[in-house]
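Q: Checked TrEMBL, it gives:
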SIGNAL    1-23  signal peptide
ACT_SITE  Thr223  active site, nucleophile
BINDING   Arg251, Val252, Gly253, Asp254, Thr274, Gly275, Asp276, Gly277  substrate binding site
Amino acid sequence: MTNRILPFITLVFLSTLFSIVIGDDGVAISEQYPLVVSTWPFKEAVRAAWRAVDGNHSAVDAVVEGCSACEELRCDGTVGPGGSPDENGETTIDALIMNGVTMEVGAVAAMRFVKDGIRAAKLVMQHTKHTLLVGEKASAFAIAMGLPGPDNLSSADSIRKWSTWKENHCQPNFWKDVVPSDSCGPYHAKARIDVKEGGCSTRYLMGVAEPRSSLVGPHNHDTISMAVIDKRGHVAVGTSTNGATYKIPGRVGDGPIAGSSAYAVTDSGACVATGDGDIMMRFLPCYQVVESMRLGMEPRLAAKDAISRIARKFPDFLGAVVAINKNGVHAGACHGWTFEYSVRSPATDDVEVFTVLP
Ligand code: ASP
């Protein structure tokens, strides 16, 4: 009996010293939590997540509430239905959720006809042994599991954007080394020419690649990537996005890739990211950030390090990460643009927006 009571008395005693609260399930709850962090000034999304986590819901549930609010509000016109059309004028959704305690992940990619990206991702995590479902099969799964659909994900805004782009000869686009390069497809691989160099034959591609910055700017793609630490210190992350505008149909960006757009390990911390997903997913920047923090790096350095690894190879990429350690200390780093992120914690009465300079 004494063996069972002593630890409890010790915990109650410590709680008076370190402002720890004992939850219903006997788990110690620290008052430095909860914490909600989101890419961009998506204040309503952060408030929605805060309401959930402050009301004692889990980090996972708060992430769902937050990202779902952004999908409903169509944050920046690039999250939820009706944003970023692909080359065919269609809007699709990439979303991810990760539980940093269990390391379970659920994700959907290039999902059509279903508006609820983050809820579909959570269904994958909760009710399957898989991690990622894609395309129409992801939609069929989500609808079979009870989400509304099939719905047309286009909006007046996405159709207008797409028509203007068509009138502009489908420029800019994500093709390279193809003909025609200055109008719409179908595209073919550009002819190669052989050039003799010192008796050896070298193959060259004709044409000059378009700078990426013309494709991936602040107004043609965005992701809500959100991290929550709940009152028990449990960490979860989630993302939702339409991906890049005018992408080649079938393209999946970093949004549904764990370790790229977001990552969480409860004992180390979390990371959220946004930017040029085609480039960023090659570096798994959020995995890098969380792993660096696990090895003892401060959030600011971990964030900067992850961004500079990408910038060294792709100096014109646009992107940003926010590192959040297990104590709730956060810091952002970005490249190619000025980045903002939002935070709600017990230290403030409402959402605070932080600006990060490249
Ligand atoms: N990373 C997303 C993508 O490339 C878009 C963004 O965050 O801006 O799909």
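Placement of Cβ uses the backbone N, Cα and C atoms for every residue, glycine included.
Automatic, uncurated: that is what TrEMBL annotation is.
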Q: If you count Cβ atoms within 10 Å of each one, which of the binding-site residues Gly253, Gly275 comes out on top?
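A: For the binding-site residues Gly253, Gly275, the Cβ with the most other Cβ atoms within 10 Å is Gly275.
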Q: Counting across all protein chains present, how many other Cβ atoms fall within 10 Å of the Cβ of Thr223 (active site, nucleophile)?
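A: Thr223 (active site, nucleophile): 32 neighbouring Cβ atoms within 10 Å.
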Q: Including all protein chains shown, what's the count of other C-beta atoms within 10 A of the C-beta of Asp254 (substrate binding site)?
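A: A 10 Å sphere around the Cβ of Asp254 (substrate binding site) contains 32 other Cβ atoms.
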Q: Out of Arg251, Val252, Gly253, Asp254, which binding-site residues have CB atoms lying under 6 Å from ligand 1?
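A: Result: Gly253, Asp254.
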Q: Write out the long-range same-chain contacts of Arg251 (substrate binding site), meaning residues 6 or more apart in sequence whose Cβ is under 8 Å from its Cβ.
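A: For Arg251 (substrate binding site), the qualifying residues are Asp86, Ala110, Phe174, Gly243, Ala244, Asp278.
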Q: Three-state secondary structure of Gly277 (substrate binding site) from DSSP?
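A: Reduced to three states, the DSSP call for Gly277 (substrate binding site) is helix.
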Q: Can you give me the Cα-Cα distance between Gly277 (substrate binding site) and Thr223 (active site, nucleophile) in Å, rounded to a whole number?
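A: One finds 10 Å between the Cα atoms of these residues.
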Q: Any idea what the Cα distance is from Gly275 (substrate binding site) over to Thr223 (active site, nucleophile), rounded to a whole Å?
A: 8
Q: Taking the Cβ of Asp276 (substrate binding site) as the centre, count every other Cβ atom within 10 Å, in any protein chain shown.
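A: Asp276 (substrate binding site) is surrounded by 24 other Cβ atoms within 10 Å.
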Q: How big is the Cα-to-Cα gap, in Å, between Gly253 (substrate binding site) and the residue listed as 'active site, nucleophile'?
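A: Rounded to a whole number, the Cα-Cα distance is 10 Å.
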Q: Counting only residues 6+ away in sequence within the same chain, which have a CB under 8 Å from the CB of Val252 (substrate binding site)?
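A: When sequence neighbours closer than 6 are ignored, Val252 (substrate binding site) has Asp94, Ala109, Ala110, Val134, Gly243 within Cβ distance under 8 Å.
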Q: Grab the substrate binding residues from the record (Arg251, Val252, Gly253, Asp254, Thr274, Gly275, Asp276, Gly277) and give me their largest CA-CA distance in Å.
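A: If we measure all Cα pairs in Arg251, Val252, Gly253, Asp254, Thr274, Gly275, Asp276, Gly277, the largest is 16 Å.
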Q: If you measure Thr223 (active site, nucleophile) to Asp254 (substrate binding site) at Cα, how many Å is it?
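A: So the Cα of Asp254 (substrate binding site) lies 10 Å away from that of Thr223 (active site, nucleophile).
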